[in-house]
């Protein structure tokens, strides 16, 4: 199995004077794999990301990966105009990209949608509007490709499938915004205990953050790991100027995935660490004070309009326990 890959891409308008206590996170779905298409589904998103976001006090809106650029641009203009709706299934405050066993080179539509939304987010930041971006696992990898080019990503270079590891903090960790409010015990536990579950063979070498000019200028590497063979890979990164964050591991799986074949830690220490990252993500979304035009518009967009199903019987290896699957007309 290649990586489970959520690309948590959050688009959030910042309001410095007041935090929003009703944040909404948009989650980008992805093309359905073999274990889902037999049901007639076209795209899906794993329910663990929804649960992870909701457990930190936000709500979720699904975002279709095949939305046209015209629609994205049109709806994003509403967001710039203080009405944060991109299309009926996009969000007003934040966007979260999720994935699965997605081969980036074979899924141009997904990648171009992510590229376009990242472009919009960076442009918003340049205009002084806070737009954080978060990528998990292949989302981390996708952010690296979008910023550093294809050469930033190493394919099939790491033996880190189904591997829980501690983190090795970098010399720049003390400058991290993501870690600024992390308690000492969570920081130390992440450093000393195998709390972070990795599900990948692709990744980014730590030295890429020095050798690749675009990566060096855009990101600081906060933590790294070594795989089963001792090969180092980057694990946590964040933008120097922009609020763009990425983790190679899966913080959402500790609390919400229970497949016994997966070596994920469900310890109290792991749950607290997982919750910290979710809380950070949602706190970024709280900086947005925009609303849907009406409560009815908001209600129509929410994930509550869809039901997850138990996907343990999927033919995919190590499936997510629950999945939202969509059938486009």
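In case you wondered, yes, glycine gets a Cβ from its N, Cα and C as well.
Note that the structure is predicted; figures quoted are calculated from it, not measured.
Noted in TrEMBL for the protein shown:
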type: ACT_SITE; residues: 137; note: active site, nucleophile
type: ACT_SITE; residues: 250; note: active site, proton donor
type: ACT_SITE; residues: 250; note: active site
type: SIGNAL; residues: 1-17; note: signal peptide
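In the three-state DSSP classification, residue 137 (active site, nucleophile) falls within coil. The Cβ neighbour count for residue 250 (active site, proton donor), using a 10 Å radius and every protein chain shown, is 28. All protein chains included, residue 137 (active site, nucleophile) registers 31 other Cβ atoms within 10 Å of its own Cβ.
When the alpha carbons of residue 250 (active site, proton donor) and residue 137 (active site, nucleophile) are compared, the span between them is 7 angstrom.
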